[in-house]
C-alpha cells in the first residue's frame with residue numbers, strides 16, 4: 001500500500017511538472033526544448049565570459065606558439081577573442097577530464113570546444129522551442145523555419161567547416177576581430193567571392209535589408225487619413241499608438257507609380273511572405289556555400305589569363321582577385337617558414353603537459 005501511494009505521488013508530481021513546463025499561461029514559455037536550452041545556453045555563456053576575460057594563451061597551431069586572446073592577456077574589447085581549440089587536438093572531443101590537468105586543457109583551447117558545442121545545442125533547442133510554442137498556440141511553423149537560417153549559418157562556420165578542414169582550430173574565433181579574421185582568411189583559401197552560393201547569400205542579406213527598410217518606411221508613411229485637406233495628416237496620431245493606421249491600398253498605389261504597377265504587392269500575406277523568404281533563402285544558400293567550401297569545393301578560379309595577340313596578359317577581375325588572395329594567404333601563414341623543432345630534430349623532445357609560465 002505504501003509503495004502504491006509513493007508511485008502515485010511521484011506520478012502526480014511529474015504530471016504537474018509537465019503541465020507547468022508546457023503551459024502557455026506562464027510569463028515565459030519553457031517547454032520541453034527549454035529544459036535542454038537553459039543549461040546549455042547558460043554553460044556556453046558563462047564559459048564564454050570567463051574565457052573572453054581571463055583565458056590564458058592557446059597553442060592554436062599546435063606548434064608551441066601560444067596566441068593570447070583574452071582581455072587580461074593584453075587585448076582590448078575589439079581584439080579579444082576565444083581562441084579555437086589547438087590543431088594538436090584536431091577533431092577529437094576534448095572535455096576537461098580528457099586533459100591531464102586544467103592548465104593543459106586551457107593551453108590546448110578546451111573552452112572553445114565547450115562553448116561551441118553547448119551553444120549549438122542551445123540554438124537547436126531554441127528553434128525547437130519556437131516550434132513547440134507555435135504548436136501549442138495553434139500557429140503555423142514558419143517562425144522556426146525562418147530561424148533555421150541563422151542556425152544553419154552558425155552550424156556551418158562553427159561545426160561543418162572544422163569537420164571539413166580536419167580540426168577545430170579552423171573554426172571561427174569567438175570575438176569581433178576574430179570574426180573578421182575568419183572572413184578575410186576564408187576568401188583566399190576558398191575563393192569565396194567567386195562562389196555562386198555566396199553571391200546568392202549577399203543578395204539575400206542586402207536585399208532583405210533593403211526590402212525591410214522600404215516596407216517600414218511605406219508603413220510609416222501611408223496613413224489612414226482622419227483629417228481634412230487643410231489639416232496635417234499627422235494630426236491626432238502619436239508614435240507607438242495601438243490603432244492601426246496602415247493603408248495597403250495607398251502603399252500599393254504609391255509604389256506602383258514610383259516604379260511600375262506590378263512591382264508592388266496588393267496582398268499583405270504575400271508581401272510578408274516575400275519579406276521573410278528572401279533573406280532566409282539567401283542565408284540558407286550562404287550556409288550551404290560555407291559547407292561545400294569546407295570540403296574544398298571552392299569558388300570558380302579562372303587561372304588562365306587573357307592574352308593579346310603579342311602574348312601579353314590582359315588583366316581581368318579574376319587576375320586581380322587571385323593576386324589579392326595570394327597576398328592575404330602569405331600574410332596569414334605566419335609560421336610557414338618555421339618547421340616545428342620537435343619534428344625536425346633527431347632527438348625525442350619531451351612533451352609539456354602543463355602550460356608554460358607567461359612572462360608579465
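Placed from the backbone N, Cα and C atoms, the Cβ positions cover glycine too.
Going by what Swiss-Prot states, the quinone site holds 264, 265, and the candidate of 198, 215 recorded there is 215. Looking up the ranges 244-258, 274-288, 289-303, 304-318 in Swiss-Prot, the one annotated as transmembrane segment turns out to be 274-288. Per-site Cβ counts within 10 Å over the binding-site residues 170, 189 peak at 170.
Around residue 265 (quinone binding site), the same-chain residues six or more apart in sequence whose CB sits under 8 Å from its CB are 252, 271, 274, listed in sequence order. When the Cα atoms are compared, residue 161 (site 'Tyrosine radical intermediate') and residue 170 ([CaMn4O5] cluster binding site) turn out to be 7 Å apart. The most crowded of the recorded positions listed here (126, 161) is 161, judged by how many other CB atoms sit within 10 Å of its own CB. With respect to their backbone Cα atoms, residue 272 (Fe cation binding site) and residue 264 (quinone binding site) stand 12 Å from each other. Across 29-46, 118-133, 197-218, the stretch most heavily in contact with the transmembrane segment (142-156), judged by Cβ pairs under 8 Å, is 118-133.
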